[in-house]
Amino acid sequence: MFQLCRPRGGFALLGLRRLRGPPGPVRPVSYRPLRKVLVANRGEIAIRVFRACTELGIRTVAVYSEQDTGQMHRQKADEAYLVGRGLPPVQAYLHIPDIIRVAQENEVDAIHPGYGFLSERADFAQACLDAGVRFVGPRPEVVRKMGDKVEARAIAIAAGVPVVPGTPSPVSTLAEAQEFATRVGFPVILKAAHGGGGRGMRVVRAPQELEENFSRATSEALAAFGNGDLFVEKFIERPRHIEVQILGDSHGNVVHLYERDCSVQRRHQKVVEIAPAARLPPELRARLADDAVRLARQVGYENAGTVEFLVDQSGEYYFIEVNSRLQVEHTVTEEITDVDLVHAQLQVAAGRSLPELGLQQERIRVNGCAIQCRVTTEDPARGFQPDTGRIEVFRSGEGMGIRLDGASAFQGALISPHYDSLLVKVVAHGPDQPAAAAKMSRALAEFRIRGVKTNIPFLQNVLAHPQFLAGAADTQFIDENPELFHLRPGQNRAQKLLHYLGHVMVNGPSTPLPVKAKAALVEPTPPPVPMGDPPEGLRAVLQREGPGGFARALRQHRGLLLTDTTFRDAHQSLLATRVRTRDLARVAPFVAHALSPLCSMETWGGATFDVAMRFLHECPWERLRELRRLVPNIPFQMLLRGANAVGYTNYPDNVVNRFCEVAVANGMDIFRVFDSLNYVPNLLLGVEAAGRAGAVVEAALSYTGDVADPTRTKYSLDYYLGLARELVTAGTHILCIKDMAGLLTPAAARLLVGALREQHPEVPLHVHTHDTAGAGVASMLAAAQAGADVVDVAVDAMSGMTSQPSMGAVVACAKGTPLDTGISLERVFEYSEYWEAARGLYAAFDCTATMKSGNADVYENEIPGGQYTNLHFQAHAMGLGHKFKEVKKAYTEANKLLGDLIKVTPTSKVVGDLAQFMVQNKLSREEVEARADELSFPLSVVEFLQGHIGVPPGGFPEPFRSKVLKDLPRVEGRPGASLPPLDFGALSRELEGRHGAPPSPEELLSAALYPKVFDEFRTFSSTFGPVACLGTRLFLEGPQIAEEFEVELERGRTLHIPYTHFTHSLLMVYSQVELERGKTLHIKALALGDLNAAGQREVFFELNGQLRSILVRDTQALKVGDLGDLGGFWDDLG
């Protein structure tokens, strides 16, 4: 027997519950219970029907195409059978003979068509009846009448239901459409005569638009429904789309279940549906419902259907069509009426009457408001283009008042291009529309879908819009509110980091490692920092008194001031500029507190700018801002390459000026301006740009040669004194001696500094050197005794060799003397201990891997510190380590060939390239000179000789220059002077078009300075997320066997990551990775899969206790190229 079920609220009866007991009264002859139902559909609606069948004790049968073998609906059914073998994906579900065959062979009682596909095909309904199988829907003749828009319109007119003026029958020619439009006037709307869903629908507002739209609509209708005929109607401006749910039985009963508002549409496709319709006058609601029921009775309608109306701004309404099937949005009606429409469909198909189901009109009531959102794999930012791929993560929103109807929404599901993009229908139920919208917004915010794009950001904008919340949306709502497309991009940080870790695990480091040395397992612990703000430093003087006052404070200071280069030049020289912001930031607060007497910290500029993006995948501007936040009291200093800014080429003047302005805005204080040739026009550009930006200008004399050696006449004392006069006249606040190769001996330091002090008694002097020969400390002390105010040092563990002299040594030597630095030696020791451990993280880049000591031969070859390290690495990498002596000798000869240059970036690269060219081709200096007119020189050498860098002291070497260049053009004067100003506006628009958002001022400059590097950095960041939050060892090498670690995103959010790879040994290590303060991810890598047929490996992780997997292309197995080539690094994530 059956018992009627009372729903919540007690308003209506949902269905029937099967009870055990004595036989009940005899049922009418028309009642034939359903024992097995086939659903001729797929996906979400198929599962919806299966669930209803299961609740009623009915066995279920699924059909599926060859492309749907992995779909959930075939697994949810009791039986599943393939149909449409060899047919295209959609055609398989339209193959009536195959579906009927499956039904007959498997003793199916009834077929439910779902929606779409065959649901409104009268020939399918008839084929079911002819085969002795019941059709869960209206009778075939009713399906045919309602599906024929002309006949449906005639029936509506006969029933006294108002209709939109339109053609009395379908039109197939443009002339017929033109005749109707001319008669009723524009605008008109073209509709497919044999189907709906927005396909074949076009609004035409002017006569000249009709021909093209008619052609397009005809083609769409033909492709979608097999018939291109169109119906032409008068277009109603800004209507609401209101549809009434009806339900009839075979006993002549028809009821309505109130209306739904489907006005939120895009291109006639429903996006959000609401029940009941808000702000609908009761009298109008009653008339719509009555007309819908009267129309259904007019044709003897059975089962579920929908009568659709347009309601104009004045409250007039017009019938548009009947959908003789269940609608996608039936869920909202179920939620507000507590009627299970699919239960009712099945029971009506079995022969029951609506009164037997408790469905009398007076008992159907509305309870609250329900909203349905269709979550699809469409990208709103790209015109709702469907996305395909593998769902890597799926987590749904749930909770009170939320209903989910889905099918393909699960981790690992493959979203194909063959079918509708619907993932899941989310239904929210609340007491009114704002409450339901709040529940829906909360549920959508809880969704986490990774691997494919979705429309969730767009839906969230719709739900938050005041017009929607007020119930005032009409069919133009989306078109008239472009702000709905201002989408907040999803961060997807956790999954992106898993992709990065997976790529490193499969393909090795993203940053090429020069030597095979493993990073230390344990991260260094920074020294303790006292609570509260750090002591006041010299930056307070700069902020109070400006650059001029700051310079005076340096001259008036008692004792020797120090600049710490540990944060830039020291690691550039010793660790190939590879130190990450993370490791700098961890010790920065200690420096702020313990080393506050520092004159400055060199933190930025030079090679650190492009290396941050190119190899560390970090934003250099974010580094500057973060360090500034952590060290507010000590002035920051950077290296500015004059007209080259922080690049290796000349830039338009407005780029250099803008760069300095933005750098100051981000926290930079002092610009050490230099030019690799001491070319005054280039220097002056940098001096003026930094000065206009409001920064302290420290103009540098790039030092080479030996002023203490009277035989070295090119770069004599008089040369440097003359250059200094020009720079002081130009307005520099500080004079710097920049000794890039460590050539400044103590004797030379005393001579040069003493002469500069005598010539410029009011100008602070700052000395920079490298300790390659081991004499750096002696030279700095000699310079200080001769009158230098500031010298550059690096903390002990990062000093010596090609770096700067030891901070501890200088502090100790000056202690208790007039040069006392005021810095605690104990604090220096603590600082050094941190960096001694930190160097272990960068073992693969440490110069000591190939270079065990400094070398006094630098006085002969004059190789700058950083370049000395790099050349040493390159020689060993090419198997020429044993020939490094030859490389150094060739460097000396190349320098002479080029006229004895000052060697600092970029001229040092010119000399280095020529030296390598000579070694590789086994050429002597004499041979190069003799064959200069026939050799193919490195590009850097040719461009230098053309004048692209500037004019060297004493001019270019002749006849070498003329023989190399032949007829090539030569640059006259300052190279950048002839460059037109960069159009920042055009570049901004280009970047916005490329990356989908307007660039920040900092991003704009990064792109201006390094276009290709910036593009690759943006692509890498969007693919792999905030890798800067990973620990350095994890970033470089990936997780070890069985390693467990955390990644902190922001306060309160943690990502926990243990990595387990099944090998013979196990090692458990625990570490923490901070992404953003308080948000931490717990991750565990579980396994690394075998290579699949697509050349990918599946890497399994556990993220915050949930299983996740990613597919990574194995570039080694596929032999797609060198891992160092980042061009293909992010090609395919599976």
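First residue shown is number 1, and so on along the chain.
Using the three backbone atoms N, Cα and C, a Cβ is placed for every residue, glycine included.
Record features (TrEMBL):
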- R325: active site (ACT_SITE)
- K149, E233, H268: ATP binding site (BINDING)
- D569, K738, H768, H770: Mn(2+) binding site (BINDING)
- R641, T905: substrate binding site (BINDING)
- 33-483: domain 'Biotin carboxylation' (DOMAIN)
- 153-350: domain 'ATP-grasp' (DOMAIN)
- 560-829: domain 'Pyruvate carboxyltransferase' (DOMAIN)
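Locations of recorded TrEMBL features on the structure.
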residue: K149; record: ATP binding site; Cβ neighbours (10 Å): 25
residue: E233; record: ATP binding site; Cβ neighbours (10 Å): 22
residue: H268; record: ATP binding site; Cβ neighbours (10 Å): 17
residue: R325; record: active site; Cβ neighbours (10 Å): 28
residue: D569; record: Mn(2+) binding site; Cβ neighbours (10 Å): 29
residue: R641; record: substrate binding site; Cβ neighbours (10 Å): 25
residue: K738; record: Mn(2+) binding site; Cβ neighbours (10 Å): 24
residue: H768; record: Mn(2+) binding site; Cβ neighbours (10 Å): 28
residue: H770; record: Mn(2+) binding site; Cβ neighbours (10 Å): 31
residue: T905; record: substrate binding site; Cβ neighbours (10 Å): 20
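If you take the Cα of R641 (substrate binding site) and the Cα of the residue listed as 'active site', they are about 73 angstrom apart, rounded to a whole number.
For the pair K738 (Mn(2+) binding site) and T905 (substrate binding site), the C-alpha distance works out to 12 angstrom. Taking the C-alpha atom of H770 (Mn(2+) binding site) as reference, the shortest distance to any of the recorded positions K149, E233, H268, R325, T905 belongs to T905. Mean per-residue pLDDT, taken over the domain 'ATP-grasp' (153-350), amounts to 93. Within 8 Å of the Cβ centroid of the ATP site, not counting the listed residues K149, E233, H268, the chain contributes G166, I189, L190, K191, A192, G196, M201, F231, I320, E321. Cα distances from D569 (Mn(2+) binding site) to the recorded positions E233, H268, R325, T905 are smallest for T905.
When the alpha carbons of E233 (ATP binding site) and R325 (active site) are compared, the span between them is 23 angstrom. Here the candidates are the binding-site residues K149, H268, H768, T905. The one whose C-alpha lies nearest to that of the residue listed as 'active site' is K149.
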